[in-house]
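Asker: Take this structure first; my questions come after.
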């Protein structure tokens, strides 16, 4: 041992490095079992995890660096992308890419994955009455939810741009973005609450209806399929801030000379908005619409909290949950998830096209 | 002409300000209502709308009349100047002096109230809702029938800490892994780099639902289900494509000279990453961290699937959804619970809004 150390100090360094790298891997490996089985207080567990993971990663990082520098230049060049890329690619591969294949496979099997059934699950997805109702609801969500979010976002961005109180107005509209969908559900329960007509209404909407001499309604339960719209309003309220922020940034990038020239030519503000601003911010308009459409397609929490999918309000994501976790039908559940994936494929293709055009790699 | 144009914009300005004000009021009202409700007593929340904390005119009792026992209750009666049959009195009759006369109770034993309209507001505020929902201790409420009930609090404080314990590692893990990968894709040359990166960007919008089932079955096999580790890893995996994309855009745009100078000095990629790139990536790392924080804190689906029925590790959104589901009529608990779940993301949001907005703007795929 000591001979090695004296004759070639870099070998000792290398051995120590290897040992510490192995130790770090051991910590990660044992950490997995420790974190899985521990009964320690929650914050302590989180703290240990952060410290342990951070320390292990740092050691591995330095060790890799040392080892790479000891290797022949050629080999070192070839290996140096690995420490950067491997952790990320493995995680994305395992959590996002691989599951697509596995879910696709599961969708071709029966409810407990024991028999191959071909496209039977997909036939069921597109023929069952409850699925057709689900698709109708998602269409309502897309048209009204995504559509009105974009319209409101654009309107508010344009209005705020000309207001002296732009900052505070934008903060107010943006605020719901920080609220969970579950929390938003609670907040809006107080808008839609229904009480017997003989009692005072505690829901704002019914109180207004009664004040104008109307009959109180159970908004989110009764009048189907329009009760879906009352759920959609919640999500419009929640995500308009997102659209507004991006539109606002885009509107500010419209050159002033362009607007001035149009004003001098006698164009009205509305005309300017539609003929100059909208075409100018078109790329943002498309990107935001795509994002909002995807978010709306995947809507889940708000339906589960407000109605649990009852009263004809099921959407694809809640139906997936019902079929897989409540009815324990893995095949049908997987098929529904694949349908959801298929619905966003056009957006993926569009993203990639745009991306390749802008960023030649 | 210029004069004319200015006036027209000015007038439009007032109109657009008014519309904007209206929209802001509409946006603020739901949250404001629940905030007010969360400080009202349980019985008040259940029986009157939150707006009754504002001064409003209401009928108040001025005088109670006990009808004479020998009064003929099937004919027309007169009290305090108002004449009517029993049915009319039940509905309330306006007396000539502007007061309202109303029969309360049944025909034989009821009394007659004379009410006058006056200003009132119910503004007895309390912190009881927060106390009973935060701690797990017993508390008393009077229900609609006037019966006192003893209920147990919801121990949201525990859920709050659970949320914190889930969120912190679930933010840091993808941040570290994502920053490494973003640098790798941006500055380290290797075959297939473009292809792999394009695939990662393509995976940005893949719905979460695709991953739940296969990952869950592995978790069950590994005995991971219901642990924090399960949720940390899942959130990190699902959040990584965005982390890589967002950080890539920033890191790839760094000036080439900056990094080349270091390479000439003999620094390795790992040294450049640690000593040069990481220190100047502060703002974008903050943007992603805030983004991921709000996402994980507010998440319901991932927690529902991977933590499931374990009450010990349940996060805030799950507890809140459970209160909605099982005790949806405990309105007073919902109000306070909702605000407890919001307080941290709102604080982060308002404190660091600049970074959050930058993250959003950078994260949207623009052409």
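We number each residue from 1, going along the chain as drawn.
Yeah, the Cβs are placed from backbone N, Cα and C, and that goes for glycine too.
Automatic, uncurated: that is what TrEMBL annotation is.
Here the structure is a predicted model, which means the values were calculated and not measured.
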Asker: Could you check which of A:206-228, A:229-251 is flagged in TrEMBL as transmembrane segment?
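Answerer: My reading of TrEMBL: the transmembrane segment range is A:229-251.
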Asker: Between A:84-101, A:102-119, which stretch does TrEMBL give the note transmembrane segment?
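Answerer: From TrEMBL, the annotated transmembrane segment range turns out to be A:84-101.
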Asker: Please indicate, using numbers and ranges, the residues of the same chain that are 6 or more beyond the transmembrane segment (A:84-101) and have a C-beta under 8 Å from a C-beta there.
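Answerer: Contacts with the transmembrane segment (A:84-101): 341.
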Asker: Same chain only, please: residues at least 6 beyond the ends of the transmembrane segment (A:272-297) with a C-beta under 8 Å from a C-beta of the stretch. Say none if there are none.
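Answerer: For the transmembrane segment (A:272-297), the far contacts come to 138, 141-142, 145-146, 149-150, 153-154, 158, 235, 239, 242-243, 246-247, 249-251, 253-254, 258-259, 262-263, 316, 340, 343-344, 347, 350-351.
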Asker: I need to check the long-range neighbours of the transmembrane segment (A:12-32): which residues 6 or more away from its ends have a CB within less than 8 Å of a CB in the stretch?
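Answerer: 4-5, 49, 52-53, 55-57, 59-60, 62-64, 66-67, 70.
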